[in-house]
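Annotation comment: TrEMBL describes C:12-35, C:135-159, C:191-215, C:227-250, C:321-342, C:348-367, C:379-396, C:402-423, C:430-449, C:481-499, C:527-549, C:564-591 (among others) as transmembrane segment.
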Amino acid sequence: MAETQPRIVIDAIDVHYGAVQALFGVSLTVGAREVVAVLGGNASGKSTTIKSVLGLVRPTKGTITLDGAPVNGQRPDAIIARGVASVPEGRRVFPEMSVYENLLLGAYPRRREARELAGDLERVYDAFPRLKERRAQLAGTMSGGEQQMLALARAWLRKPTLVCIDEPSMGLSPRFVDQVYEVLQSWKAQGITILLVEQNARMALELADRAYVLQHGRVAVSGTARDLASDPQVRKAYLGAA
Amino acid sequence: MAGEGIIVDNVSRIFGGLRAVDGASLKLARGETVAIVGPNGAGKSTLVQLISGVDKADSGTIHVDGVRTDRLPPDRIARLGVGRSFQTSRVFPALSVWDSVLVGVQPRLIATASGRLLDPVTESLGALLGLPFWRRRVAAQEAAAETALKLFGDRLWPRRDQPALGLSYANRRRLEIARLLAAEPRYLLLDEPSAGMNPTETEELTQLILDLRRSHPHMGILVIEHKLSLVRRIADRVVVLNQGKVLIEDTPDHALDHPEVVEAYLGRPRAGSNFQDAHHG
Amino acid sequence: MELFLSQILNGLAIGQVYALIALGFSLVFGVANIINFAQGALFMLGAFIAYSAIAWFGLPLIPAAIVSVVIVAILGLLLERIALRPLMGAPYIAPFLSTLAISTIIDQSAEIIWSPESQPFPASISSTTFFIGNAYITVTDLVIFGFGAAATIALTLFVSYTWTGRALRATAQDPAAAAQLGIRTDVMRQIAFGLAGALGALSGILVALYFQSVFPQMGIPFGLKGFAAALLGGLARIPGAVVGGLLLGIGETLASAYVGDSYRDAIAFSLLLLMLLVRPNGLLGGGKLNALGGSGAAAGAMPTTSLLASASSQLSATRAYYLPAWGFLVVGAAFALVPLLVSSTYVLQALIYGFIFALLAVSVSLVSGAAGILSIGHAAFFGVGAYAVAVLARPYGLSADVTLLAAVVLTALVALIAAIPLLKLSGHTAALGTLAIGQIGFLVFLNWVSVTRGPMGILNIPHPVLEVLGGLRFATTGQKYWLVLGLVVIAVVIAERYVSSPIGRTWRAIREDRLAAQASGLPVRRYILLAFAISGALAGLAGGLFAYVQQVVSPESFTVETSILILTMAVLGGLGNLSGAVLTGFALAILPEFLRGFEEWRMIIYGLLLLVALRVRPQGLLGAR
């Protein structure tokens, strides 16, 4: 798929939370301009995978490289500085700051580019008229779906070449889920590389080029999105059908 | 609203702009096992927080065996016979396994026949002087703790002098359940008991719950569980929550294979996907 | 009415100063999630450095102030670097105790450098008075209010409209999310400490101008008031801190005008306790948005509310060594032989103080270690016991049976009532609540002259006579030695029986995880109140014995320094480990006898011991239990 150097290479990582092992030798690659989905039920280890890439948890074994250079042991801010943006699980907007300030903070690594920033902000407002309307409102008072849009827009203002997205459809109504995926589809069209963690397999597989399905901290199935969409294994990994 | 069982009626809980639980109703009778399932963020754990009094509902009522509990503090609700586990099991890290289980029986140690608590002076004198009435109570307390620990075979009993923080994750979950069972609750609420367990440990947990159903035929069990294969084996009924609302309530196989539930978990395919590329120009 | 208006104007000025101290607390609490006990020490240093720059180097006020603000800001950075950063991953109790130790060291060093006396501040602003209608205000008030307000506005603009300011606020609201946006949260932490230092220094200088004097002990009361203001405003909010400061300033100025100036501080601290009781989240502080934890299940550390635990490893590898209850009887019996072998009253006297402080350390260890509520206010309970004996024995001439029993019961009652505002609190906030209790106690001893005879104290307390033992009189030091030893041993045995009983287990469960304890059906409030009552009874007995041994009771024995000393003893012995408390309480009380001539270094040595212990053995000498 990726003829050039892959953006992310995860090579056989183990992750422990204290006494609990969350990942067992998970390997995964994300090529340039590729959209890769990590799927799985709750507590399957998919969020842990993305947290390892962002430096939020440290693998006890194995390596992770970003654009050919290792990220092991780097702090999240150093990884973000390498052109990465994150849309965290549960959105994590700053509840007591306005929508406008939340957006600005997304561009924190670009804070010296004042001029371009103003233009980019306008573009975000054009794409998300709802956020423009509410730019003075505190983010914590918005609905879950609006917060998710804010988190996406905030990440876009980073002008990333690679975005890590953790469960963007969690707790959202179908209408908002559709909106989220419309945004992601447009990012894909812009050539942004995406590593997406998602429980909503059907939506994710429509968007992704390739996917990995995790179960109990191991990669259970992987392949192209097209193949996986019709693979009964996927459904089994989720619903544990008898 | 008298009558046996836990009755949750039209309960809502709102965080900021988020309706975590949105007019949910359900009933748990003694002797039955009910599973609550649903995707992440569906409001399952919040519901357990509300029933156990750890969090308070914004509207709606909850009754336990005819007593209205939605305004009672958690310790009162626990003493009504509602034992609950936590999603991240909470086990008093520095206490030994033995002491942790004894803590679970402490409310019964100081309970009087009329259901109130001994006054602190009597409790102090009993404890300091080792009076006969106190020693009898302590012996009963320790017997209950021993029985509860031994339910888990050789997983906990041989480790009873170790501090809880040294236990494996699965053992911590077992310890928490042992602590609850030692108090002989009428209702047991388990919040993701199998989280972090491997398939073998999950199987053991399934067996344990099945055994509990046999050994405690009058105990009502409410379990939040993500591993749906486990749910299919233990539950009499399944309540599917989505977006804080009860989506469906039925037998496990009916509920879990219902198209709306499959959709809630897997997402729904999009009709006529005409992708827009308009965003961000 | 004119007086009322004048007091309001006056209160606004001093309130603006409290707001600045409060902002220091709020910034650090928001970003680093700890309460910086040393904020008061930074405040005091700010005043003294400006004082020295003017008095020693002849600088004018403004340059002196700038020098002071810069130096103290750097000290704030150093504080983070030296006292806090190495403690990442240490028990939750460690950062707070570390700032407490630093604060003790700074305060005592200031007494050595600048002498413990109050000094006139060598700069002043014109004392011209303006009248607004019939209300008056001085230029000093105006200048202080103006500078305070300007600093507040500058800070507000900084955090609102600069990149660094926004990043600071983002870090305070959600550090993990901030890091994922590329913000260096460790740098934000340092900036918060530097700013807190600068604000502390500025407020110190303004207070020096306001009261026209500086004294090394000014740090703790003003620090506590700043904390009260911050808490009033919701702890982590900038507008809240300002409103809290202004309200506190107006409140206490009115109180001092209408109730009496000596009650100014007592009223401020009572207000703090009242706040803790009715609105622990502050007047403006709503609950923070309660995010939905969807993921939590398999993630992260073990949940615990224990200050003895840490994020990484808990006390896992450490063992606690302790005597059973009867062991104290054996040790006591051995010590009972000492007067037969040693006749030096000097040695016996030192040992008696050792016993009394051992009992005090046990008292703190029980409530802070077993029940998990850090107490920096135990000197108040110690004092209540001492005054109870002094008053009943001296003017009323009652026998020691009655006076000591009264001391025990009264102090238990006082401790029980004092604990009520603390019930909803945990961690560092509860600790500051106990500090307020300690300060109120001290101020009552000092100012309730009709009962306590104020700063003079109660002199010539008669020798104890026990009616139960047929009117036995303990007149010589040797006789008092046996009395004290006997009662201390009995008290420690009872305390140990409590800690080893199901009640002690319940305390530890509440300490380890208050929520799980409550969800297990335990009446948490009842057990915390019980712990305070028993701890109070022990401290009351220690106070009563102290009164008989000293034969004089005066407020200076019951200062915050004493409270910090007792807490240090309990921590060094191993919190919750009564054997450890007895050992370190005894040892540290007789230590000064070996340091004759270095009395002023005593608190510095204790502070250093505490700092070192937090680094190398946070679980204490014999291990926390």
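From the backbone N, Cα and C atoms, a Cβ is placed for every residue, glycine too.
Sequence-distant residue pairs (6 or more apart) of the transmembrane segment (C:191-215) and the transmembrane segment (C:12-35) include at least 3 whose Cβ atoms are under 8 Å, placing the two stretches in contact. Within the same chain, the transmembrane segment (C:564-591) stays apart from the transmembrane segment (C:227-250): fewer than three Cβ pairs sit under 8 Å, each pair at least 6 residues apart.
Here the transmembrane segment (C:321-342) has long-range neighbours at 348, 351, 355, 478, 481-482, 485-486, 488-489, 492-493, 496-497, 500, 577-580, 582, 622-623, 625, meaning same-chain residues at least 6 beyond its ends whose C-beta is under 8 angstroms from one of its own.
Between the transmembrane segment (C:430-449) and the transmembrane segment (C:481-499), the number of CB pairs under 8 angstroms, six or more residues apart, is fewer than three, so the stretches are not in contact.
Simply put, out of C:227-250, C:402-423, C:481-499, C:527-549, C:527-549 has the most Cβ pairs sitting under 8 Å from the transmembrane segment (C:348-367). Long-range contacts of the transmembrane segment (C:481-499) within the same chain, counting only residues at least 6 positions beyond its ends with a Cβ under 8 Å from a Cβ of the stretch, are 323-326, 328-329, 331-332, 335-336, 338-339, 348, 351-352, 355-356, 358-359, 362-363, 366, 370, 400, 404, 464, 466, 474, 507, 534, 538, 541-542, 545, 548-549, 576, 578-579, 582, 625. Residues 273-274, 276-277, 373, 377, 380-381, 384-386, 388-389, 392-393, 430, 433-434, 437, 464, 467, 487, 525, 528-529, 532-537, 539-541, 543-545 of the same chain, all 6+ positions outside the transmembrane segment (C:402-423), place their C-beta atoms under 8 angstroms from a C-beta of that stretch.
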